[in-house]
Structure formats: structure tokens, C-alpha cells
Amino acid sequence: MPEAKPAAKKAPAGKDAAAKPAPKEAPPQEAPAAPSTEAPPEDQSPTAEEPTGVFLKKPDSVSVENGKDTVIVAKLNGKELPAKPAVKWFKGKWLELGSKSGARFSFKESHDAASNVYTVELHITKVVLGDRGDYRIEVKAKDFCDSCAFNIDVESPRQDSAGQSLESFKRSSEAKSDTAGELDFSGLLKKRQVVEEEKKKKKDDDDLGIPPEIWELLKGAKKSEYERIAFQYGITDLRGMLKRLKKAKVEVKKSAAFTKKLDPAYQVDKGNKIKLVVEISNPDLPLKWFKNGQEIKPSSKYVFENVGKKRILTINKCTLADDAAYEVVVKDEKCFTELFVKEPPVLIVTPLEDQQVFVGDRVEMAVEVSEEGAQVMWLKDGVELTREDSFKARYRLKKDGKRHILIYTEVAMEDKGHYKVMTNGDQCEAELIVEEKQLEVLQDIADLTVKASEQAVFKCEVSDEKVTGKWYKNGVEVRPSKRITISHTGRIHKLVIDDVRPEDEGDYTFVPDGYALSLSAKLNFLEIKVEYVPKQEPPKIHLDCSGQTSENSVVVVAGNKLRLDVSITGEPRPVATWMKEDEVFTGTEGRVRIEQRGDISSFVIESAERGDEGRYTIKVTNPAGEDVASILLKVVDVPDPPEAVRVTSVGEDWAVLVWEPPKYDGGRPVTGYLLERKKKGSQRWMKLNFEVFTETTYESTNMIEGILYEMRVFAVNAIGVSQPSMNTKPFMPIAPTSEPQHLTVEDVTDTTATLKWRPPEKIGAGGIDGYLIEYCVEGSDEWIPANTEPVERCGFTVKNLPTGAKITFRVVGVNIAGRSQPATLAQPVTIREIVEQPKIRLPRHLRQTYVRKVGEHLNLVIPFQGKPRPQVVWTKGGAPIDTAHVHVRTSDFDTVFFVRQAARSDSGEYELTVQIENMKDTATVRIRVVEKAGPPENVMVKEVWGTNALVEWQPPRDDGNSEITGYLVQKADKKTMEWFTVYERNRHTSCTVSDLIMGNEYYFRVYSENICGLSDLPGVSKNTARIVKTGMTLKLPEYKEHDFRTPPKFLTPLFDRVVVAGYAAALNCAVRGHPKPKVVWMKNKMEIREDPKFLMTNHQGVLTLNIRRPSPFDSGTYSCRAVNELGEALAECKLEVRVPQ
């Protein structure tokens, strides 16, 4: 508020006046000046306003001295808020004050429940000049949002002028007396000088309050260091600092590569996209983008664009990982910027809830936030809970999408307290109450009185099923044994003592674990004396076998424990003997053992095996007699694995699997089989059936052609599943190819037929090894193979066929999987020579005179057609050719005319005749053999005038059988006889040689030139040209340089074109201009850059754009722009790319 500033300024003066004897203590008392701005009641302030809305008291604008502390207070009306508010403090418009702002900023919140008023405070310690500026407080509660702005002004420390004078105007002596020493005027002058320097320094500070030395530090620092320097020196207005740095008058070297560089910094919200734009001077220069020193490659995340001279980097879906320093490199020049990714505030959707639990319970405290993967801070009583500490403590932090969970597996008393969850934009709090669980006794232990050999049972019941405990007898812990059994079922704990003896008498106690509680009872032994009268009774075996047959039989599953308890009676107690055939069992320990318990004899087998199967006999004897009984033991098991597992046939995606049933069915019938399959080299088996398969042949489908597989089989009976069988040999699903296509007859003779076809439409992973050709004579069903080995070519000539027969042909493809379906001719072919009129196919280059040099070879290949094989005759001038010099080779379809070394005599017209019976065709071939011409004749100097000489000559006698294309004229000074060329390719037989030197005498020589080059010898002038010195006056004509500059102009424009897709196309035009214009090709007004599909050439103004294998996508409007300093020209055309039907 405005009234706060005068209060802050007057406070130091008052304090100094009151503390004049001790001026050094005055500055610390100035600290309360800032808080005093909040002291006046609102109704006394001349600018006070009635509280409206959520703010009962708005934060005041204050003025604080540099280095002092200040507190900003605001009060919020809780009645206007739908929930607990979330308060944020901002500097400027966007810089949020939080944990990253430094330790100088702290925040405090309190709530008065009676008045429902929230008080929020912002504490700033040791205020610096960089804290000067506008601030804002923002309040959010669910859908409600409000804010209020205020200002903080920071002033340099001031001292009272009177105080300064008195402080400086002191004695120079160290004595305490005021009359001792002299006045120190130099000290006063120094003090004034310091004050003037401080004023000048403050004047140099800018609007941000940043001293000049920090500006110099920022100007010389890298952009990546700006944030660190700002936090180190207390600069909070980062955006203002960057703007000031951008406007600073720093000498910038003009960039040769960049016409427009990147901005110093960019900011983008998380999840949005941003474009970094730089403009370069030459669009042909290579450019690279870097992020934190690493080169960026094009992807869906990073998109590169070229628009004229602009180079654009688009970053899609920005994350916090994109918050980095970026760099553009063009040749040796670099351009830097920094990208700040602002993370949106994370709100709490489902807050924590208070919980009340007991010790040992599992506790889950969950909170749901608005963003998945957001950072969340857990605090317990103000202390942060971290994942590093969770390994030592009992809690665990878990993330599940937007839910964040704090888990205690077994909560303890020390885990109770207040838990808070904080995000960068919200927070919530809940209380965890932990209480001790009380154990309640539902049934106590009762005293027992038990007779000898009876059973004693102590039983108690408690309220908690999870509670364990220990039993004690006379203070000694009771351990389980053969007679003593300890059990815990639900809430009931039992101690059972069998065959009670006198020594079992005593006090028994049950003590629950973890509770100060004990339950006790007493066991009394009752001894009964009975007078014994010996009695004899023959032994008797009492069997109870659960078998459906008449004989005693027992069935046990292999691996299980078998216990045969046989009840025996008789007096005196009979002796039992167990036998299996002749083997007698006497051992009381081991896998097979005998146990005796009173009237029961037990035969025990641990982990029954197949070998244990058989008939067992028990024999009991006593003095009164004996008894015998037998028991048949059957051991059942899972079956053995199936045998002879093999793959009998395969197809494109299927295979047939066959196996034999297992030799041993485990004592139970095999109910079916389970099958599995895997790729060779893999460890992952895939089940092929979930219901048992009863057959021993299975067709496996849905396999990938060309992949090696393995299969195995399990046998199943009523007991379980057997071990897997041996894996099949690796096999590969492969199918034969489809039938060959387009089978046709290319040629037929009296004994042969030439067939041709195209490869099959579907070949598959097995490839194709070749083709087999078969034929069938009309009237027969037998197909005769024409070749034993497959042929790889898509053509074949079947020989030795009967003349006049009608034959049907077919072709099959062969690969590793076998033969394909045949491709058969629709109609039979009659084997008979077809008469075809002769026709010479004269090549294009032989339709005009064929020129060769002397010594080169002549090799003419001329194809022809005609059936049967025609007669070929070569003649020259109506006479047969010399076969000793000319070699002729003739085949069924062409003739070759060959001369190893051509001579002038080989020139002339040659006639080729191809004749079949009375039909013939002729062609004429003109051959000219040339060599170098002879020297010109009669070279003479006809006239000399001034520095000029007229030289004339006559053509050479021998022109080399070729037209003379020109003459080479040279001159030589008679003194040096060094020859210099005067004219090249002079068409006439005379020339005027100028610029001869006066006083010199010259010879001249002339070479003749034809298609073979210059003549070997020149014609030399018989006379000389003598240049006589005469008086001459050189008068230079006035010369005005001609301006050859012209703007670009297209001499030949671009024409609309229609091309066929897949065939190369070229767009041509011609342009003229000086200086040489710069040419740019465009498609649909977009410049064509380094695209390998396009090749641009410029040959002396003839411009060509070659398009490699165009597609319909390449259709459009193409334009060529030529630009120089005088103007520009544009030519356009439309290109249509059609797909052949």
C-alpha cells in the first residue's frame, strides 16, 4: 500500500535518535520496520477497502531495505471456499516461488477453525535488489480460483546525513577524551566519496536491480549457466533477465551463415509441440541440430522442415526430457538456445482418508492424481518418506497409473501420525491411528483326571485366529512326539496326550505369543489296580480292504505313501510277520518298514514304486495258534511317454504327426494324448490341444512356411500326464509351388517343339528348383518326360518328336516339397514345320552409311526370320565377296559379317539376300572405311601488307575417303622456327594471318583435317612473308565497353507432359541471362532440395530436371525460376503420371 513506504523510511531516523550513545546497534533495530506496515488497522488506512470475495486481507505492497527480512500476509475467508484452498505465490506472471526458488523464500499457512479464516504468509530473508518487482498470490479450491497482485520495492541501505557527519567528524587520536587529538577532515571527505560512489552504482543498476558486474558475468557466460547464476545471486525474474540480455548492446559479429538466429530461450507447456526456426544465408549449406551436444536424427518426435531459407525443427509432445540446450551448426558457425518445458500443475483427484487400525494389520493409504507418472512427495509428521528409506523401514511406495499407494504390511505403533501428500500444484493430509489389539479368551483350559492308557485333551479358544502360542508342563515347553500332538485350528488350540502315563501328571499352561496372558490347568493321573488272570485266545486277523473283487486288494498311486493297518486280536498278544513271496520284512526304519501299535500291525511303504506291486502275506502267531491273510497290492502310475513320434507329411502350413501308444499304460487305460509344438531353437512350447486327443494321428495347422518346428506328445491316463516323448526331428512346413503360368508354344519344327512359360504365381519359402516338361501323344494316356533334370529357364525345346503327330505338353514346377500342379496346353500341337516368309531385320545403325577407320574390325550382326532355315547370300557389286578376307557366319536367326582389319578397299555397297524356295528378301549395307587425309598442296604466300599476310593452298590429293572438315594453319619465325597455331578448322583454302611482327620473316604450314583427325604431314609454304618496317602512327579508337548484362529470360519454355509410371522422365527448358542466373526447381511451389529421386543439370543454359521412375504421387505443377541481380523469370508446366492399364 502507498502508506507503507513513508513508514519504512522514517523508522531508522527515530531509532537513531533514541540510541544516540550507541550508534552501532541502530541498524539491527530497523528490521521490524517492514512488518510494521501491517500493524495499522484497516479502518484507519486512508486507502482501506471493505473486504470482498475470498480475500479478507489482501497482501500489501511494501518497500524494504536491501539485506533486511520481510513478511507478506494475506487472509482468506473460508466461508467463500468450497474446500481447503491451495495457495501459490508467483513473481511476475509465470515464475512460481517454491522449493527451487532458494532457501530465502519460505511459506506458512494456518487456519482458525472458530472464524474459518485462513492466514497465509510469505517470508523473504535477506532481501536483494533482484527481488524487486510485481508479485501475485493465487488461490485455488476445486473449481474456484482467485488471485491478487502486490509489489515489493527494494532500496539500498541509507544513513542519516547528520549521522554520517558525526560519525566521520571524529578525532584522529585513540584517546577517549573529546578534547584529545585533532579533527579528522580526511575521514569525512572519504565518507562523502563512498556515498557518491554508491549513488553512481545505484544509478548504473537497471530496472531489475541487477548490479553491472553481474550483467558482465551474464554476458560472458553460456546460456546453460543463466539459471545457475540467477539462483546464485537471487535473481527471480528470469524472463526479464533474458529480455535485458537480448537488448544489451553487445558487439555481435555478423554471421556469414545465419541471417536470423534462434531466440535465446523458448518456453512450452508439457505435452504441447514447439517449433525452433532459424534462417540461413545459403539454402545449399548443410545444417545439423544438436540437443545437449548429441545430434538429433529425424523421427516422429523430431520433424525437420525446409521452407526456402528457413530451417524448422518441430518437437512434438514435449516432455521434461526435452528441457535442454539446443544448438544449430552450419559449417563452423553455431547458434544456441534453451528450451524450458513447463510442467502443468498436478491436482489431487481422490485425497487421502483417515484410517484407524490395529497393530499388525495391513494398511494401504492411496491417493489419485490428475496426471499419470506425476512426481508425488509423501510426508509423515513433516518428514519426507523416500524409496531409499523404504528398504530399511516397513513401508513400501507403489505407483499404479494415477494412483500412488503407501503400504504397511504389518503396521506398528510408531507408524501412527499425520501423513501428507504433496504435488507441484496440490496437497492433502490424513491421520493414521494405530491401536493395540486386545486378546479375549473365549474358552479356558479345564483340569483333567485321566486313567492309565487313556487320552488327555487340553483345549482353549481365543478371539484371534492368527495368534500362535506355546504349551508348557511345569514351566518346561512341551514338544510334539508320538504320544503328544499340538494343533491350532482357527481360534482353537489343542494339546492331546495319548496313552497317558503316571509321568504325564502335572500343571499344563498355554501362553499366546505377543500377549501377557497365560491359561493353566492340571492333569491328574488315576491309577487302578486290577488283579490279572491269564487268558488265552487264538490270534485273529481282521482285514478291511476297499476292493471290489472278492480277494483283498489295495491300489496305490506311484509316489504316494502306503500304510496297511491290520487289526490283530488274541491272548497273549500275537507276533505278526509280513512277507512278500519268500521275502520277510523285519525292518522298523527305511522306505519299507513295519510298525507295531498295540493291536494294530502296520506295513508302511514310503513313495510307492512299480516294483512294490505284488501279493503280501501277514502271519500272526501266539501259543494258542496262528492266522494268515494275504493282500494284493497294485501300484498305478502315469503312463510311459508315447513312442515312435514322427512327422509323415507336411504342407504349406500343416504337418501330420503319427506316434505309437506307450508300452506301459501305468496300470490304467490311456485316455488320450496332449501335443505341443515349438520353433527350433526356442524354449517355449505351445499347447496344441486342451482336451485329450484319442487318436494316434494328428494334423497340426496354422504353422509358418519355411520355419523349422519340433513336436512332442504326452500320454494321459486317470492318474496323470506322462513325461514328454522324444522330440520329432526338425521339420519345415513347405508346399509345392503353384502351376507355371502362360504356357505357350514358341516354335515348331518337323521334330522339335519349343515351349515357353512364366514362373508360378506363388512360389513360397521352398523356392523353386526347376521345371519338368512332359508330353503325351494323342491317343495315349502315358506322359513321357522330356527332361530328367529340372531346367531353371522358363523355356525348353523338346526334341526327337514324331513328325505329324499331335502332342499335348505340360510343365510342372519342382522344389523340396515335390511337384506342383501341371500347366497343360489347352490344345495339342501338330509337329510339322511351319513355312514363314523370310524377313531381314536390319539394325537402325546400318540403315545409313556405316563408317569405320582403317585397321579397325568390321562386325555386323543382322537378324532375320523365316522357316524353314533360309539360304543367306552376301554380294558386293553383284559379285560374291572374298571369303578369304571377309568371314561370314550364319545361324537360324541371324548372320554375322566380320572383317578383322578393315581396309579402304572394303568400302562399298553390300547386298544381303535371304531366300526360302521362291520367296526372298534383300537389304543393302553401305560401308565406308576412312583414314587420315594427305597434306595440302601448293602452300603459297600470295600477298603481304602491313603486318598481314595472305596464305593460299590447294586441297590434298587424298582426302582419306572422307570429307575434309577444315585446316590447321601455323606460323614460324625464320629465326627461331618455333611453330604457333594461327587458325584451327579453317574451312576455306586461304586465310589472312594478322598481327605479324615488323622486321621478321615468317614461314607457314597447313594440316588438313577429316573425321580421322589431322594429316600426318603438313604442307609448308615455298616462300616467306617478310614484314617491312614503315613509319606508322597508332591511333586507338574510342572504346566504350558494352553492357552485356541482361535479366533472365526463358528461350525455351516448359511444356506440359504425360508420362508412364515407372519410366524415367525429363523436363527441359533453356534460359539466358547475365550474370548467370541462379536456378531453382519447384514442385507445387515447394522447392525441390536434396532428393535422390530428382537430378537437376544446367549445361550452358539448357536446364534439365530428370525424374527417376516417377509414380502418380509425382504428378503436379513443376516450375523453374531463374534469378539474378536484374530480375527473375518463371516457367511452369504440368506433369501427369499415368499407370499403364
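Heads up, the Cβ atoms here are built off N, Cα and C, so glycines get one too.
Keep in mind it's a predicted model, so treat the numbers as computed, not measured.
According to TrEMBL, the feature region 'Disordered' maps to 1-60.
Feature annotation from TrEMBL assigns compositional bias 'Low complexity' to 1-21.
Feature annotation from TrEMBL assigns domain 'Ig-like' to 345-419 (among others).
Per DSSP, the secondary structure of the domain 'Ig-like' (437-509) breaks down as 3 helix, 37 strand, 33 coil. Positions annotated as domain 'Ig-like' by TrEMBL: 437-509 (among others).
The domain 'Ig-like' (539-629): residue composition by secondary structure is 3 helix, 54 strand, 34 coil, according to DSSP. Annotation comment: TrEMBL describes 539-629 (among others) as domain 'Ig-like'.
Residue counts for the domain 'Fibronectin type-III' (641-737) under DSSP, split into helix (H, G, I), strand (E, B) and coil, are 0 helix, 39 strand, 58 coil. Annotated domain 'Fibronectin type-III' per TrEMBL: 641-737 (among others), in sequence order.
Mean pLDDT for the domain 'Fibronectin type-III' (739-834) in this predicted model: 90. As annotated by TrEMBL, domain 'Fibronectin type-III' applies to 739-834 (among others).
Sorting the domain 'Fibronectin type-III' (935-1030) by DSSP state (H, G, I as helix; E, B as strand; all else coil) yields 0 helix, 52 strand, 44 coil. Here TrEMBL flags 935-1030 (among others) as domain 'Fibronectin type-III'.
Remark: secondary structure over the domain 'Ig-like' (1048-1136) totals 3 helix, 58 strand, 28 coil, with classes taken from DSSP. Here TrEMBL flags 1048-1136 (among others) as domain 'Ig-like'.
The domain 'Ig-like' (345-419): residue composition by secondary structure is 7 helix, 36 strand, 32 coil, according to DSSP. Taking H, G and I as helix, E and B as strand and the rest as coil, DSSP gives the domain 'Fibronectin type-III' (739-834) the counts 0 helix, 45 strand, 51 coil.
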